[in-house]
Each structure stands twice: as C-alpha cells, then as structure tokens.
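*Asks:* Below you will find the structure I want to go over with you.
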Ligand SMILES: NC(=O)C1=CN([C@@H]2O[C@H](COP(=O)(O)OP(=O)(O)OC[C@H]3O[C@@H](n4cnc5c(N)ncnc54)[C@H](O)[C@@H]3O)[C@@H](O)[C@H]2O)C=CC1
Ligand SMILES: O=C(CO)COP(=O)(O)O
C-alpha cells in the first residue's frame, strides 16, 4: 500500500515524548499507517523486559513515567525488525550510541526511506566536525531532515505547549515530517537550513553545562543571562567558522532550535541540573557519578559534546576559537567538559 509507515529508533526520555506524538498523529492523519514501531534498547525492569511493559501498559515506565502512548505504538527490541518496512524513520538516541547501530540500520532501513534526526550531538573525523545527520545520509543514502527545539521531554509529555524546528533539505519530506509531529501542543516550524538547526541543537548543551555551573555557584539571573547571550554568539561563530558555505541563516538562531532551546535548557534541562549538582558537590563527585545518580540511565549530551568540540578546535589549532568552546581558559584541574565553567569564572570576581 502507499501509506507512510513510521518508526522511531530510540526510546529514552525524548524519544518516548516524540513517539507519543507520532502515535497520536498516525491515528489522526490518513496518509500514515496506524502502527508506529519503536526500537527499544532492551533492559529488564523488576525482572520484566521493558518492551513487554511498554506494550502492556502503553507507557515507558523507565524513561517517561506518567505519559501514555496510544496503543498503536509498538515497542520492538530488535532494531532490524523495528525499522523494517518503515518509509519514515526517526532517530532519537544519545548521540554516542548511534554509530554502533549503524551497520544494522544500513542493512535494515528500506531504500528510499525518508529519515529524520532528533539527536542533539556531533561527531568528528580527521577533517573536523561530522554532523549526525550526515552519518545517517551517507550510511543510508537517504534524505535526512532534523528536528531540534525548546523541547524538555517531561514538559512535552504532559502536553504543555511548545514549539520545535524541522530543518529540511527536501521540502516535500520536511512537510511530511511536519505533518507527523505537528500537534495541538507542539507547533512545528520548518526551515531549509538543516546545518544551522542541527548545530544549534548540539551546541546549546555545552552552554547549559555552564549555566548549571553558575547556578551551583549561587549566581543569579544576571550571570546566567550573560552566559546565554555569550553562548549564543559563540554558537553562531562556531557555525559560521565550520560551515561558511552551508547557507546557515541568521534567522535560524531566532527559531525554537536557537535562542528558545538555549533558554529552556539553561533553566529546565538535565545538563543544567547535573552541572549545578557538580558545582555544589565541589569536586567530591565526578560529573559522571552525578549523571548516573540523578539521571538514572538518561544521558547527558553537553559533557560529551564539549569534549568533541574541544578536540576539533585543538585539532584545527584555532587560535581565535570561541572561548566557551575551548579549554584554554579552564582553571587548573578542570576537566575538559568544564570549559563553560571557565567562562563562568571569567565573568565573576
Ligand atoms: N530529554 C530531553 O528533554 C531532550 C533530549 N533531546 C535529545 O534527544 C536525544 C536522545 O535523548 P533521550 O531520548 O532523552 O535519551 P536518554 O537521555 O533518556 O537516554 C537513554 C536512552 O539510551 C538508551 N541506551 C542506553 N545504552 C544504550 C546503548 N548502548 N545503545 C543504544 N541505546 C542505549 C536507553 O535504553 C534509553 O533509551 C539526545 O541527543 C538528546 O540531547 C532533545 C530534546 C529534549
Ligand atoms: O534538549 C533539551 C531541551 O530542548 C533537553 O536538554 P537536556 O538534555 O539538558 O535535558
């Protein structure tokens, strides 16, 4: 048949919030097949596989407790099976987990499938930055849109109004994914600037670590506003430095994926929360320990992205690199990821 078949790869906090919307929209719009498959990285919860729990209760009790999926969302522990036959495949995993899955994804995603990445992160190779969407484009030989925005998953899960941004290369596919995600409480904007949208999503997590650190040191709104403002300028600088000819549009930074995501993440995100706890612990615990303790299996992206960005800047020997992204100002003993900390410290006496 000619119905579009939806699949979501990734069932963490945000993957679950997004598939909840996909499930509703698959029932709402005639162009979609009713069933939405959800790849779940299987784990046991009180002796029972998480996939079974999701399929029996329509709820991801571990990563998005309290939010119900429509029953047409089917949790599948086998990746190949989850994406088989899908014509629209969405990816939403912590970015470090994508690469090991690529061989299976390559084998299993149907030729001609349209792909969307909601993964906030970057990768790198010997030449510099590698976009996660490019890994998917090249790996699957597919068109890939991106979805990034001010979307704290737990708030979305209770249908509090928010916006998001889809960046597309193929306008027709951008519109299809918009139809799949747009909902009464989720307003989707579309822009043709995939690179700007994706880099905003990745880089703001670094700024959020700085914001959390500032909170943990007891500084107020003025300091955080300064971090957000400088952080945004440096995100823009990074984008233009690495992608001068990609058509990155200044307006993208004013979309949900830009300034709005930066604000919500610096106030309500997990990167912020863990960095605050890290500052308060005064080096008694590592950020990794705090991550495990507070997030219970959910993953920070800002720490890893800061390391990756730092590596890329060092590799390129970029003397005038955006300073929050570089560790040269870090105070002695600061781990690489704490580079926004250096900015915090440089802003206060
Ligand atoms: N949580 C949020 O509020 C938002 C998150 N995002 C982004 O969405 C992406 C995914 O994040 P979340 O869905 O929140 O995930 P999460 O942070 O809840 O991560 C946990 C997920 O990773 C899976 N996992 C653990 N080990 C794995 C492995 N070895 N291989 C494959 N999967 C494994 C777990 O089963 C679970 O599904 C990230 O890039 C994040 O930045 C974007 C907007 C909002
Ligand atoms: O990306 C997010 C909100 O848009 C969530 O950020 P955290 O991963 O810091 O919770």
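Glycine residues also receive a Cβ, built from the backbone N, Cα and C atoms like all the rest.
TrEMBL entries are annotated by machine, without manual review.
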*Asks:* Looking at the NAD(+) binding annotation from TrEMBL, with 10, 11, 12, 13, 14, 15, 97, 153, 299, 301 already listed, which candidate in 229, 270 is the matching residue?
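*Replies:* As annotated by TrEMBL, 10, 11, 12, 13, 14, 15, 97, 153, 299, 301 share the NAD(+) site with 270, chosen from 229, 270.
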*Asks:* So among 120, 204, 271, all listed as recorded positions, which is physically nearest to residue 14 (NAD(+) binding site)? Use the C-alpha atoms.
*Replies:* 120
*Asks:* Give the subset of the binding-site residues 12, 14, 97, 120, 271, 301 lying near ligand 1, defined as CB under 6 A from any of its atoms.
*Replies:* 12, 14, 97, 120, 301
*Asks:* Among the binding-site residues 10, 12, which residue has its Cβ surrounded by the fewest other Cβ atoms within 10 Å?
*Replies:* 12
*Asks:* Where residue 10 (NAD(+) binding site) and residue 120 (substrate binding site) are concerned, what is their Cα separation in Å, rounded?
*Replies:* 13
*Asks:* In which DSSP state, out of helix, strand and coil, do we find residue 12 (NAD(+) binding site)?
*Replies:* coil
